[in-house]
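Structure first, commentary second.
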């Protein structure tokens, strides 16, 4: 094989190997792939790293929901133990969501600046510790309601940064053609966590008391955080220093985004409105569907309608991610694929929810609820990834803004749904409200020159190598 000469003589050895000796086995090993990625300045994870991080963050999201649902599972037992009435139990339960709404924007913005992995680790260790010490704190104080409510509020503060940090992390470290599956796989951790704490937590509650549920979720989370810190993160990525905080909340003329220009774009408002709809719909559905089944079908087994829809949701989330990435790989426009996923997640799921309101068959109701919940997971491949497509340099901030509004609207929507059910004596009006969420999904576009510059700076090393070799074809 002849060496490269003339004007090609200055090419790197790596380019030479790629062009002239592609059959060499060492280039196919994960070690060489990672070395090539580092040498080329590629900011994205390799395929092996993406898989490892996907599984790790899936487990983290699962544990987040385990910790979040510990209090609802133990609420009845704790009320009996401490003598709380329903109003007092409601205070303890509701305090979480007020904290959850406070840190979404700040957590997303900080993740954009210092790295989502740092924010995720710090928050997980914090809410894991809070979960583990909740039983001890409740027993040592004279006013357990006040202290438990305060701890739940603090847990909401720390958990509020998790999903904005994920959006920021994926926008910076996951390639476009792998992003939908990664988001969908990690997102289904919420259903997995709900199932895990519902099954294991119920057994622990019956055998060892309500304290064991908090210990289970808390110590598992702390163990997960230790493994993340030890095996995946470098030393400089494990803590957020005061220098990082100053960097995160200072305004840089080189990388800051013009917020006025950002929020003048129709696509940005489409993202925010869609996320408002998705979050509040999911929150309302999660809150009221169990009560609907109990009242409409009083003889039904609770474990069926509390488990089956979430079992359907897990494979549905995986399929939506695989389908989205497959369509993009086949040459379909990214914007078209995102819209398709969102139509399934919002439009089709709303139709099945409407069918749920008008059926008197228990089997049909289970089927409609399962399909509706399953289709809602398509939102992970739609709006969730769309935030990252639209503004990769501030994806965490935008997702935080939208998710804050969604959480607040969800609280209001739950109360409004309860009012409609009580005043009309029917479930129909509540389910009809879901048609409000059939909103247009506007196009994706670049929204700021700073973002465009940052996107150009983060072009993958592999693409640069192909461009040097004359094989680069822009999509």
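Residue numbers in this text run from 1 along the chain shown.
The backbone N, Cα and C atoms fix where each Cβ goes, glycine too.
Unlike curated entries, TrEMBL annotations are predicted automatically.
Note that the structure is a prediction, hence the values are computed from the model and not measured.
The transmembrane segment annotation in TrEMBL falls on one of the ranges 52-77, 78-103, 182-207, 234-259, namely 182-207. Per TrEMBL, the stretch carrying the note transmembrane segment among 373-390, 427-444 is 427-444.
TrEMBL assigns the feature transmembrane segment to residues 213-233, out of the candidate ranges 213-233, 339-359. Most Cβ pairs under 8 Å with the transmembrane segment (213-233) belong to 119-138, among the candidate stretches 119-138, 182-207, 308-328, 397-421. Residues 176-185, 187-188, 191-192, 194-195, 289, 334, 337-338, 340-341, 344-345, 366, 369-378, 380-381, 385 of the same chain lie 6+ residues outside the transmembrane segment (308-328) yet bring a C-beta within less than 8 angstroms of a C-beta in it. Touching of the transmembrane segment (397-421) and the transmembrane segment (150-170) is concluded from the presence of at least three CB pairs under 8 A, sequence neighbours closer than 6 excluded.
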